[in-house]
Amino acid sequence: MAEGFAANRQWIGPEEAEELLDFDKATQMNEEGPLNPGVNPFRVPAVTEADKQEYCKILQPRLQEIRNEIQEVKLEEGNAGKFRRARFLRYSDESILSLIHLFIGYCTYLVNRRRLGSLRHDINIEAPQEEQYSSREQGTTENIKYGRRCLIGTASLYLLLFIGVAIYLGTTNAQIVWRLPPLVVPVEESEIIFWDCWAPEEPACQDFLGAMIHLKASTNISIQEGPTLGNWAREIWGTLFKKATRHCRRNKIWKRWNETITGPVGCANNTCYNISVIIPDYQCYLDRVDTWLQGKVNISLCLTGGKMLYNRDTKQLSYCTDPLQIPLINYTFGPNQTCMWNTSQIQDPEIPKCGWWNQIAYYNSCRWESTNVKFYCQRTQSQPGTWIRTISSWRQKNRWEWRPDFESEKVKISLQCNSTHNLTFAMRSSGDYGEVMGAWIEFGCHRNKSRFHTEARFRIRCRWNVGDNTSLIDTCGKNLNVSGANPVDCTMYANKMYNCSLQNGFTMKVDDLIMHFNMTKAVEMYNIAGNWSCKSDLPQNWGYMNCNCTNGTSNDNKMACPEDKGILRNWYNPVAGLRQALEKYQVVKQPEYIVVPTEVMTYKYKQKRAAIHIMLALATVLSIAGAGTGATAIGMVTQYQQVLATHQEALDKITEALKINNLRLVTLEHQMLVIGLKVEAIEKFLYTAFAMQELGCNQNQFFCEIPKELWLRYNMTLNQTIWNHGNITLGEWYNQTKYLQQKFYEIIMDIEQNNVQGKQGLQKLQNWQDWMGWIGKIPQYLKGLLGGILGIGLGILLLILCLPTLVDCIRNCISKVLGYTVIAMPEIDDEEETVQMELRKNGRQCGMSEKEEE
């Protein structure tokens, strides 16, 4: 091939070949072409002279054609041909690139734009000529078109940025709403609380929320005075009684009668009460008397609805109270309670005062003192009878039963009891609602299991000097002439036997209904016949009231102060006692939001999602960040992230509390607890969900910005002096900005009730339904057919429009993957031997080994 070129044509060397290929690359550029099509192999870095000679041999036919083409071009003024077009495109594209770099900040590009790299060289022209371009040559190229779009887009971007900065600067004084702040505040007197009780293994009062008893958050908050849990004592007591006896009311009524109860002076001054007494079948009340009604079960009261309890003694937060013993009926002994004998301190007229009618004794400074007093009772069978061994199929074993000579209902169930201490009782001469006449006390007694008797507990009543005259008192002390339904002074001496009996019934007033509980059948179930004994099993912390007593100046026949300290019979009122036990628990809540200045956004933590489990953490570990008045507002914001990060720790504490309390609660009730708290958190959000979203605040945000027009309309101005750049406690800030919280509440209510956008949206939806209502009349199969046709047509249209771009994209991707770059496409004569396209793959010629190329 070299000999042919030498004979007929002038051989083209490496230098001339380099210039010819430069010209060829320039002429290949057209309106749609790239800026640098292909690579000049003679300008590849590190190319050697041997390589250049080899390239000349391979590309000699193409080089000859390029030289002939250049010689045929007539270079005249105003007609530069392809070369002029190439130069115009090159330098016009460079101008566009210069403008683009200018807008994005690369000003130095204009200074150094001639130093673009080793592959950029000016193409030498034999004769300089004036650069003149026709309108056709200066037509809009793709690069110029996209350059204009880039210019417009860049200008729009800068304009939007300017507008955004202006809006931001205009709202720098906006208000920020802090949702679910780590703070607890007292509830209002008018707020409604929802509570439940919890007692281990107690079906009548068992609630999953009671697992929070041992989960308390130690905190240094100091809360202002607010309503205590004792304010709801009457409601709680009534509900507790209904819970304790709810399954008993489903049984049949045993007896019913009407009765009139007289007051202290007969029926004068309308002091008589007409009551309807109902005696239910009492067998189902058997366990209730021994547990709930006598206060033998530890009961914890738990709050729901997102509210918590603050123990003012221990300075702790919890969902439930400490275990309490709440006797539901009047009982001689009670748990660790106190009584406000100064009646002026009790404002609730529904709570009976401590004291009775017609007394001159005035008790004050009462305190509860525990005692180790014990009662011992023994029973001796007073009627003849025999023990009979019977076979019971339902017990699967033999048993002994006592068969008296008379019916058991006619047998007097009498016992003899004594006390280990001298006890002076201030007693009433009659029981509640005319139940029992005479002075009496009552206590619980436990009987151990023996050969003939089962284990059982009884309620025993001891009386003195039972008489028949209801108008006069049966005295048992030194007060001989006390008349009417008055208290008496009686003393039960230590180690002295007194006649007592099993209590076979009592009367209780529940709401407006007075119920008499008959225990005769229940007592018979315990096999009370025969000889047996029992011992009182009062808890160690039970005792009596020790009071200072002062007599009045009246000389009437009324009860005076006891000569010795002692137990005060009938002092305990279940409502008053429950209220006294709950006075130390203050009902608090976590605010749903608090209004703070925009300044908090400058030092707040990185935004976190307010997920449901995060809300659970905030409600249980408020103290981690020092909730309340113990830390400044700026410190609370910076430590808020730590509170959110410890939600797993809160769940671990819940599990640990469940394990300590009862192992069986770890599975199901733990899940129920978490579900319950999640429901509370969801309800708290859904209550104002629509309004908060209208304000641009969703459930995933803790800090939400109020639109400026709203807080200006409602005159929500902050006192920056009080805020003091966050150097104020959250508790103080909340108390001094309650008006802001109220105004924000008004905003929410206005949005919820009078939402204009919501009404417009509904109207638009209705209009759209009117216009598009005809679609509903089209049969279902026609709808499917029409939808299929529209879908196919849309797909074909997209395919036609996007097919060229898709093919070009696939071609470019394949070239990139294979690593090929097209250098030249030489024209081959028909007579000449077929020559393959010269390609280079990664710097190597196709079809040649690496050794041959070297």
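Cβ atoms here come from the backbone N, Cα and C positions, even for glycine.
The annotation topological domain 'Extracellular' is assigned in Swiss-Prot to 1-783.
According to Swiss-Prot, the feature N-linked glycosylation site maps to Asn220 (among others), an assignment based on sequence analysis.
Taken from Swiss-Prot, the feature N-linked glycosylation site covers Asn258 (among others).
For Asn298 (among others), the entry in Swiss-Prot reads N-linked glycosylation site, with the evidence type sequence analysis. Note on Asn298 (N-linked glycosylation site): other Cβ atoms within 10 Å of its Cβ, all shown chains, come to 16.
Look at Swiss-Prot and you will find Asn330 (among others) tagged as N-linked glycosylation site.
Annotated N-linked glycosylation site per Swiss-Prot: Asn336 (among others), in sequence order.
The annotation N-linked glycosylation site is assigned in Swiss-Prot to Asn342 (among others) on the grounds of sequence analysis.
For Asn418 (N-linked glycosylation site), the same-chain residues lying six or more positions away in sequence with a CB closer than 8 A to its CB are Phe375, Tyr376, Ala494, Asn495, Lys496, Met497, Tyr498. Annotation comment: Swiss-Prot describes Asn418 (among others) as N-linked glycosylation site.
Annotation note: Asn448 (N-linked glycosylation site) sits in a coil segment as assigned by DSSP. If you look up Swiss-Prot, you'll see Asn448 (among others) marked as N-linked glycosylation site, on the strength of sequence analysis.
For Asn469 (among others), the entry in Swiss-Prot reads N-linked glycosylation site.
Annotation comment: Swiss-Prot describes Asn518 (among others) as N-linked glycosylation site.
Annotation comment: Swiss-Prot describes 614-634 as region 'Fusion peptide'.
Per Swiss-Prot, the feature coiled coil maps to 641-691 (among others); the stated evidence is sequence analysis.
Regional average pLDDT for the region 'Immunosuppression' (660-678) in the model is 46. Marked as region 'Immunosuppression' by Swiss-Prot on the basis of similarity to another entry: 660-678.
Per Swiss-Prot, the feature N-linked glycosylation site maps to Asn715 (among others). Every protein chain shown contributes to the tally, and the Cβ of Asn715 (N-linked glycosylation site) ends up with 8 other Cβ atoms within 10 Å.
Close to Asn719 (N-linked glycosylation site) in the fold, though at least 6 residues off in sequence, lie Gln736, Thr737, each with a CB less than 8 Å from its CB. What Swiss-Prot lists as N-linked glycosylation site is Asn719 (among others), and the listing cites sequence analysis.
When secondary structure is read from DSSP and collapsed to three states, Asn719 (N-linked glycosylation site) falls in the coil class. In sequence order, Glu455, Cys534 are the residues near Asn448 (N-linked glycosylation site), counting only same-chain partners six or more apart with C-beta under 8 A. Distance between Cα atoms for Asn298 (N-linked glycosylation site) and Asn715 (N-linked glycosylation site): 52 Å, as a whole number.
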